[in-house]
Amino acid sequence: MRHNCCHVSFASILKILNFLQAFIGISIIIYSIWMLDQYNHHVPVDPPPSQPPAASSPDSSYSFSNSIIEINSVSDSLKNPIDFVSGIVLGSGGGDSGFNLRSLDLPAPWFIYCFMAIGILVCIVTIIGFIAAEAINGCCLCFYSILKTLLIIIEAALVGFIVIDRHWEKDLPYDPTGELNSLRAFIEENIDICKWVGIVVVAIQLLSLLLALVLRAMVSPRQSELDDEDDFENPMSRARDNLLGPQANQTSSGSSNIDNWRSRIREKYGLINSQSHTPSA
């Protein structure tokens, strides 16, 4: 299918935006590999000192009643799934018995793995965007728009988690690599630059999504118009063939009749000449 100049222009802009996002994703992956190498070849950060065990209470019935109260509070939280999920995300479990992300058994460099997963996800979505911009296909553009929307929602959820929960670092598992604290300190020292970088990244992603939706809307009517033109041209060509078919048959039959007539005339003329030459001989 041929594409007009407008389709090619929008696709070229979408390729440029995807190239910028691919650069961001590759940078995240390279930085994650560097952090993992630093963690593997250097002494990891010591874990925080564990709290001393609480002194045993002389009254065993009091401790038993406290455990019953904790079990009841957990069961009450399970009855309300929305509150339970919000308690998991925000870490507000109601006291020490609340379930938070620190209770999860994660590998030691979990922050590095999560950071690398974000870079890989950005690169995958970017590759799909390149394919969609090159093919200018409706299905590819629709799939790319869905993935880009999900990626933006995940990023918005992470930002919302940090903004809503003022003590979000206490709700996350302990990072023995120390890279989370280093990244946070770097962002706090260069908060103005990081704000502008974040705004530019979000603007690039939103503009990519908008271009994909516009290009998807432009491709669909064009494809339907071409299908309608094909459907209109096929009956016309068939009707033209039906009209021209008898004439072609008549022409071929007429030419064959003329050839037969000429061959008969030649045979007759040849016969007459032979008869005229025999008496003279």
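In case you wondered, yes, glycine gets a Cβ from its N, Cα and C as well.
Owing to the predicted nature of the structure, the values given are computational and were not obtained by experimental measurement.
Some features that Swiss-Prot has for this protein:
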- 1-15: topological domain 'Cytoplasmic' (TOPO_DOM)
- 16-36: transmembrane segment (TRANSMEM)
- 37-110: topological domain 'Extracellular' (TOPO_DOM)
- 111-131: transmembrane segment (TRANSMEM)
- 132-143: topological domain 'Cytoplasmic' (TOPO_DOM)
- 144-164: transmembrane segment (TRANSMEM)
- 165-194: topological domain 'Extracellular' (TOPO_DOM)
- 195-215: transmembrane segment (TRANSMEM)
- 216-281: topological domain 'Cytoplasmic' (TOPO_DOM)
- 226-261: region 'Disordered' (REGION)
- 247-260: compositional bias 'Polar residues' (COMPBIAS)
- Ser256: phosphoserine (MOD_RES)
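Note on the topological domain 'Cytoplasmic' (132-143): its mean pLDDT in the predicted model is 88. Beyond the transmembrane segment (144-164), the same-chain residues lying 6 or more positions past its ends with a Cβ under 8 Å from any Cβ of the stretch are 89-90, 121-122, 124-125, 128-129, 132, 202, 205-206, 208-209, 212-213, 216.
Sorting the topological domain 'Cytoplasmic' (1-15) by DSSP state (H, G, I as helix; E, B as strand; all else coil) yields 11 helix, 0 strand, 4 coil.
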